[in-house]
Structures are given as structure tokens and as C-alpha cells.
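**Student:** For reference, Swiss-Prot lists these features for the protein:
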- D105: active site, proton acceptor (ACT_SITE)
- D9, A10, G11, N12, S13, R14, I15, K16, T129: ATP binding site (BINDING)
- Y96, G103, S104, D105, R106, T189: substrate binding site (BINDING)
Amino acid sequence: MNEPHLLIDAGNSRIKWALADAQRTLVETGAFGHTRDGGADPDWSTLPRPRGAWISNVAGADVAARLDTLLDARWPGLPRTTIRSRHTQCGVTNGYTTPDQLGSDRWAGLIGAHAAFPGEHLLIATFGTATTLEALRADGRFTGGLIAPGWALMMRALGTHTAQLPTLTTDIASGLLAGAQAEPFQVDTPRSLSAGCLYAQAGLIERAWRDLADAWQAPVRLVLAGGAADDVARALTLPHTRHDALILSGLALIAAEAAAATAAQA
């Protein structure tokens, strides 16, 4: 069968989707909001009927219901699978003590990263509502991770829980720092808040990378993904690689493995 797979990554802030062909190449991509208030529905009108939909959803039941409504409106009865983290899948072994507690987005991202950088030790930093770090050995063993507030959440927390600090978005903060990246210390409150929270992100990444390289006594590639990756990258002093399709690529691998298993049983 050559029908494509529809891949859906429902994150905490928005929903990304892609159509993957038989070679797992992402041939169509897009994004939309959790609700119609967050933007237009995806335009799937010109897409061929996929073999099925493979979904990572960390956004909850309301988003799951919205996805079902959208899928049924375009392709009634389309098979769909919402993935869960496993102990082992697509060459990656889950080091969590309770494997299914690992977020499905992080699991798919690990699978995508292992395939994208074969034979390399990796530290994967993803910048969304939360900043997550995953330590992935070259043999596919996920040995653990870290979760911290994302850049936007840090700034929003300070603005919300203090009387005199502003509440800044990442767009505002990025603009404020555009001409001040060379200066480690800022001379007004909005820029000080923006830079302080950004440096907190960069400091976390650099400390984690150094600790991991020391523990493993081997080179570790730092991989950055997510909406704030460009801003955090400018504050880093480490070499790094950008990859923005790890989750969708991982979903493509999961879908392909399942299709191969089904074909083998036929």
C-alpha cells in the first residue's frame, strides 16, 4: 500500500500536522490552534485519503475531540491511533521507571532524533510551554530527562505573581533583545526580565550538556527544537544542531513500523 500517513502532533500551544509518504518523507505540513478562536481549521481538502492518522496528544480531551471532529468531517471512518510511550519502539529503549508516564511527544521526538542522528549520543532540548531535555545514547537508550518552565512561562509567571514586573510574550522579549544580545546585563526592567529568563534557559542547557558529556566521557550532539529555539540558541556558547520535525518524523517511523508489522501478518 502506498497511501500516506497523516501525522498529528497536538502540543500544549498548538497542533502541527504532516503527511508522510511511503519513504517517510513529510510531503505536506501545517499547523492550527486548539480552538477555532486560535485560527482557521486545517485545509485538508486537497489531500489524498491517508491510510490512517497517527496522533501524539499531550493537550487533553478537548483537543482529542476537536481532532476527531476534523478527521471525521474530512475522512469519515479514518483509522486513527493515539500513541503512548512504550518500553521499546523503533530502536529506542525507554529508561523511565514507568515507561508510559513519558509524554508521547517526547517519546516520538526521541524516536525521530535517534533516526536523524544515528550512532551519536544526543542531548535533545525542546522549547515549548515547558523546556524538556532528553539524554539519548547512541545505541537508542533514553537514560532520562529534565523538565523546566519554558521561556514564555517563566516570563508570564513573573508578570503574574509580582506587582511591578511586566508580563511579556516571547515575541515582545525577542524584539527587546534583538539589539542587545551582546550585552549580558540590561538597563531597563523589560529587557532585564527578558534576558534573565533567556539566560536561565541557556544556563540549564549548557549545564546539562556538560554534565552529560562528563558522565558519558564521549561527544554529545546538542539538538534544539521548538518555538523559542532561535532565541535560546543566540544565548548559547555551545555548538548545536536545529531540527524542528523530530516529533512528526518519529510519528512517521512509528506508523511505518506498525504498517510493516501488519503486512507481515497478512
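The backbone N, Cα and C atoms fix where each Cβ goes, glycine too.
Please go over these features one by one and say how buried each is and what sits next to it.
**Tutor:** D105 (active site, proton acceptor) falls within a helix when secondary structure is assigned with DSSP. Listed in sequence order, D9, G11, S56, V58, I247 are the same-chain residues six or more apart from D105 (active site, proton acceptor) with CB atoms under 8 A from its CB.
The secondary structure of G11 (ATP binding site), as reduced to three states from DSSP, is coil rather than helix or strand.
Cβ neighbour count for G103 (substrate binding site): 19 (other Cβ atoms within 10 Å of its Cβ, all protein chains included).
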**Student:** So, in DSSP terms, is T189 (substrate binding site) helix, strand, or coil?
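**Tutor:** DSSP assigns T189 (substrate binding site) to helix.
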**Student:** Restricting to the same chain and to sequence separations of six or more, state which residues have a Cβ under 8 Å from that of R106 (substrate binding site).
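**Tutor:** Those within reach of R106 (substrate binding site), by Cβ under 8 Å and sequence separation of 6 or more, are S85, T126, T132, E134, G145.
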**Student:** Rounded to the nearest angstrom, how far is the Cα of S13 (ATP binding site) from the Cα of T189 (substrate binding site)?
**Tutor:** 27
**Student:** Hey, what's the widest CA-to-CA gap across D9, A10, G11, N12, S13, R14, I15, K16, T129, the ATP contacts in the record, in Å?
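**Tutor:** Across D9, A10, G11, N12, S13, R14, I15, K16, T129, the widest Cα separation comes out at 15 Å.
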**Student:** Which of the binding-site residues S13, I15, T129 has its Cα nearest to the Cα of Y96 (substrate binding site)?
**Tutor:** T129
